[in-house]
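Here is what TrEMBL records for this protein:
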type	residues	note
DOMAIN	A:4-250	domain 'Endonuclease/exonuclease/phosphatase'
BINDING	A:Asn7, A:Glu34, A:Asp150, A:Asn152, A:Asp249, A:His250	Mg(2+) binding site
ACT_SITE	A:Tyr109	active site
ACT_SITE	A:Asp150	active site, proton donor/acceptor
SITE	A:Asn152	site 'Transition state stabilizer'
SITE	A:Asp220	site 'Important for catalytic activity'
SITE	A:His250	site 'Interaction with DNA substrate'
ACT_SITE	A:His250	active site, proton acceptor
Amino acid sequence: MKIATWNINGVKARIEALTAWLREASPDLVCLQEIKSVDEGFPRLEIESLGYNVATHGQKGFNGVAILSKLPLEDVTRGLPGDPTDEQARYIEAVVSVGPRVLRVGGLYLPNGNPLGTEKFPYKLAWMRRLEQHAAERLAYEEPFVLMGDYNVIPDPIDARRPDAWLGDALFQPESRQAYRRLLALGFTDAVRATTEAQVFTFWDYQAGAYQKNDGIRIDHVLLSPQAADALVGVHIDSHVRGWDKPSDHVPVVVELAL
DNA sequence: ATGGCCGGCGCAGCCGGA
């Protein structure tokens with residue numbers, strides 16, 4: 001099956017691109033980030049008409065995540081455990097049955113953390129601690145589990161065209177990168193890095209002709225549990241979508257699993 | 001060489017993003 005993650009930067013502004021890409025790529029399951037919509041405002045019918053089940057976890061104006069799936073979504077949970085006072089809609093999880101097996105999927109929109117020196121950066125790091133705790137609990141199930149989304153972390157210098165330009169940025173701080181490595185050390189496989197050593201990007205800023213200059217970063221990641229990694233067939237970044245009219249600044253990352 | 005954007009909200013710019 002074909003699963004994907006895509007930060008669409010506003011589902012209302014992106015509905016044409018989203019439906020065009022769903023028709024073109026025909027993924028079985030997609031995690032969306034930054035829907036920037038309340039649940040009632042999500043264009044559910046247009047997406048259901050393409051054969052998808054829809055689960056959303058939205059909020060007004062900012063953030064918001066969703067899962068689209070051709071297979072029925074079971075056991076949908078919303079919000080990342082560990083802080084009942086956190087009101088930002090950044091995590092959704094569900095299970096799909098693939099024949100006799102199950103696939104568990106967590107879709108996340110990790111806090112940006114900028115600017116440094118404000119409360120936003122500690123919030124990011126605390127969120128990553130909570131994610132680590134939750135991921136460890138899920139890995140203990142020893143089932144195919146995919147944790148994917150916009151991590152807002154540039155893991156290594158090769159993951160930026162101009163790493164020097166990101167030195168003062170929350171996405172490339174040592175603490176952010178270390179927290180990402182701690183997550184991997186739990187036993188996850190970074191699907192992109194498992195299949196290529198090449199420099200590849202998932203985000204290009206709207207400013208300064210970044211896409212035309214290929215001045216990008218890799219911050220959208222697909223992490224596979226050992227059981228999911230065993231089923232890994234291939235990975236594809238749909239970079240061409242960044243060149244469409246009214247694009248998101250992120251592009252879809254697609255993973256094929258033999259499930 | 002430098003600077004360059006976009007979406008939501010809501011109807012003017014500001015906030016947030018990366």
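Glycine is no exception: its Cβ is also placed from the backbone N, Cα and C atoms.
Just so you know, TrEMBL annotations never went through curation; they're auto-generated.
On the backbone, the CA of A:His250 (Mg(2+) binding site) and the CA of A:Asp220 (site 'Important for catalytic activity') stand 8 Å apart. For the Mg(2+) site, the Cβ centre of A:Asn7, A:Glu34, A:Asp150, A:Asn152, A:Asp249, A:His250 serves as reference, and the other residues of the chain with Cβ at most 8 Å from it are A:Asn9, A:Gln33, A:Tyr109, A:Phe203, A:Ile219, A:Asp220, A:Ser248. Counting every protein chain shown, the number of other Cβ atoms lying within 10 Å of the Cβ of A:Asp249 (Mg(2+) binding site) is 18.
Of all the Cβ atoms in the protein chains shown, 27 others lie within 10 Å of the Cβ of the residue listed as 'active site'.
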